[in-house]
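Worksheet: one structure, shown below.
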Amino acid sequence: MLLAIDVGNTNTVLGAYEGPSLRQHWRIETSHTRTYDEYGILVRQLFQVAGLDPAAVTAVAVSSVVPPLAFTLEQMSLRYFKVKPLFVGPGVKTGMSILYENPREVGADRVVNAVAAFERWRCGLIVVDFGTATTFDAVSPKGEYLGGAICPGIAISMDALFRHASKLPRVEFQRPPHVIGKNTVASIQSGLVYGYVGLVDGICARMADELGFAPKVVATGGLAALIAGVSKTVSEVDEHLTLDGLRLLHERNR
């Protein structure tokens, strides 16, 4: 069994794979203060609650944008699963040419997403990942990573609005019934949802102009389904794209 771990700035997503099948997945808070023992005990408990045997784990693959947690997760893997983890980074076989000025600068999650998306759809595409930061990554029809864009995530945008506009109430991020809000809550929701959809559609349209072809636009991340339901450019949603990419990279680096 493969334990795939996607470490983001806010949340960490874990997946348990048997072959190509995702048996179970979990989302936990990314903690800089949690020790490797605490991570190990937590992950083993998650397995047990799901009816899975932690002893069945024979490999661990990690994508992380939080470098300080590398040692913690390595020790957790060694001590609690008796395996050396694969960290996505320089030297890992991706099967994809990285056409970036400095390939080492590309975040592990962005490479993993690009690999997974091209493996599944086999066409030129843009991957939009709604995380703490929202990332846009372009892949050529030949399967080359071309680069992309990074912008503040939805949660960051919301926090900035409420922090600097003290009279505005905090609202739930959900699609309002109309673009023209009839009350303060609906007006804020309209600005957040449709404003962010405008950002997504606008960046994807400009990228498509530069690419010179009509890319498939794939969304992943916690709010991907909501945005895709309103977006004019997002055509596919894959909640587990990053985990699937980790599984692919594990297979390519055995």
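Backbone N, Cα and C atoms are what each Cβ position is placed from, and that goes for glycine too.
Annotated features, as they stand in Swiss-Prot:
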- D109: active site, proton acceptor (ACT_SITE)
- D6, V7, G8, N9, T10, N11, T12, V13, T132: ATP binding site (BINDING)
- Y100, G107, A108, D109, R110, T184: substrate binding site (BINDING)
- D129: K(+) binding site (BINDING)
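Feature map: Swiss-Prot annotations on the structure.
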residue	record	DSSP (3 states)
G8	ATP binding site	coil
Y100	substrate binding site	coil
G107	substrate binding site	coil
D129	K(+) binding site	strand
T184	substrate binding site	helix
Relative to the Cα of G8 (ATP binding site), which of the recorded positions Y100, D109, R110 have a Cα no more than 10 Å away?
-> D109
State the count of C-beta atoms found within 10 angstroms of the C-beta of T132 (ATP binding site), not counting that atom itself.
-> 17
Closest of the recorded positions to D6 (ATP binding site), Cα to Cα, picking from G107, D109, R110, D129?
-> D109
What is the interatomic distance between the Cα atoms of D109 (active site, proton acceptor) and the residue listed as 'K(+) binding site', given in whole Å?
-> 9
Based on Cα coordinates, which of the following binding-site residues are within 10 Å of R110 (substrate binding site): T10, D129, T132?
-> D129
Annotated ATP contacts D6, V7, G8, N9, T10, N11, T12, V13, T132, maximal Cα-Cα distance (Å, integer) | 13
Any same-chain residues 6+ apart from Y100 (substrate binding site) with CB under 8 Å of its CB? Would you list them in sequence order, or say none?
-> V106, Y145, G147
Whole-number Å distance separating the Cα atoms of T132 (ATP binding site) and G107 (substrate binding site) is 13
8 Å Cβ shell about D6, V7, G8, N9, T10, N11, T12, V13, T132 centroid, ATP site members excluded = T30, V65, V66, G131
